[in-house]
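Notes follow the structure.
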């Protein structure tokens, strides 16, 4: 394997950061290909905990090249705050270890302002945005009015683009939403400062990444969010603004589809989601509360409590199909220890029919009634398990059901947040 993808197979928060960190040990390059600082990854190394939002998880190794791809929308302020945070924890970040695509689009102050204003204007029909300016930045990208990193570091180009764009944005902010206009000079001077700090990191990442692949280097593509937050295949409109599935790698990192050899879907042993939208297996009872507390299900970026539910195999089967997954990595199976009975969803009942896929219509998904298969749980903690045979028989049966239903093998099992609480049970 020379180029493989790690992506979320549910609604995000599956443990991609930990899995990327684990798999990055044998990689030469780690590439982030979409999203922005709305993502949150937690990685535990020894006694230290690192919270990452923009920078690839490979940064915690000294010998990896980390890449922020053109599919990412970059908030320079957030980037340098994260760099300062990591350096305060002893992580060295230099242009030899981190490069940023010259084609990545830049999140500007008006993107954050518009994100918040529009969300408030939706009232009780809000979509649960993080308010980081991600959606408005991707909107400008599609409308061909965005500012890219290569534009930002060219002073004259940036000056002209900012003048044109800010004039339009201020009209929208003031005349449509009744907000206060943003000051051109303030933004211009602030972002010129970012431009100079960014300049040493900026490269044509497609050229570099493809050369690494051609030279036989191990390249890991790190996704953010999850399959059901994908702009096309997610539970629209309660989705993110980028392509979170395997196909997003080609666009977001400038590589061809034939370069990808493997795709690993990260899945919790149960299901969670943040914000609004249908959730067929949601547990609105004491069991759901118990899972939330035991699994520490609160967002890294927002701090919001996550909604919790039984494992939904329909979602995993859909993710495997859409992204061509070669295997799953199952996380947080240790959280389920102590439950007498476990349920997994093996189908939906919709309008009198049984289906095994996620329907496009939000209204149809809201009507779907889960069909469950029950499994006996296990009492003992499995946090100290270090190989497959250490797992309880019932946990192995649970994992086998995932494989059989999705027709996709489970290659990795995680039983805790630390690096050594991870077992590779087959090739990915």
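Note that Cβ sites are derived from N, Cα and C of the backbone, with glycine treated the same way.
Listed features, source Swiss-Prot:
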BINDING   12-18, 40-42, 306, 332-334, 414-416  GTP binding site
BINDING   13, 40  Mg(2+) binding site
BINDING   13, 14, 15, 16, 38, 39, 40, 41, 130, 144, 225, 240, 304  IMP binding site
ACT_SITE  13  active site, proton acceptor
ACT_SITE  41  active site, proton donor
BINDING   300, 301, 302, 303, 304, 305, 306  substrate binding site
### Long-range Cβ environment of residue 42 (GTP binding site), under 8 Å and at least 6 residues apart
17, 18, 49, 50, 51, 52, 300, 417
### Query
Counting every protein chain present, what is the number of Cβ atoms, excluding its own, within 10 Å of the Cβ of residue 303 (substrate binding site)?
8
#### Entry: Rounded to the nearest Å - Cα separation of residue 130 (IMP binding site) and residue 303 (substrate binding site)
11
### Message
Sequence gap of 6 or more, Cβ distance under 8 Å: name the residues on the same chain that satisfy this around residue 305 (substrate binding site), in order along the sequence.
### Response
292, 297, 298, 299
### Query
Of 300, 333, 415, the binding-site residues given in the record, which has the fewest other CB atoms within 10 A of its CB?
300
### Message
Taking 10 A as the limit, how many CB atoms besides its own sit near the CB of residue 40 (Mg(2+) binding site)?
### Response
20
### Query
Sequence gap of 6 or more, C-beta under 8 Å: which same-chain residues meet both conditions with respect to residue 15 (GTP binding site)?
266, 268, 329, 331, 332, 414
### Query
Which value in Å gives the longest Cα to Cα span across the IMP site residues 13, 14, 15, 16, 38, 39, 40, 41, 130, 144, 225, 240, 304 as recorded?
34
### Query
Going along the chain, which residues six or more apart from residue 225 (IMP binding site) have their CB under 8 A from its CB?
8, 11, 12, 34, 35, 38, 39, 240, 242, 244
### Inter-residue Cα distance where the pair is residue 415 (GTP binding site) and residue 41 (active site, proton donor), in Å
17
### Query
Say you check the Cα of residue 333 (GTP binding site) against those of the binding-site residues 13, 302, 303, 304, 306; which is nearest?
13
### Query
Among the recorded positions 18, 41, 304, 306, whose Cβ has the fewest other Cβ atoms within 10 Å?
304
### Message
Among all protein chains shown, how many Cβ atoms are found within 10 Å of the Cβ of residue 12 (GTP binding site), not counting that one?
### Response
28
## Note on the structure
Densest Cβ environment (other Cβ within 10 Å) across the binding-site residues 38, 130, 302 belongs to 38
#### Entry: Pairwise Cα distance for residue 304 (IMP binding site)/residue 40 (Mg(2+) binding site) [Å, integer]
12
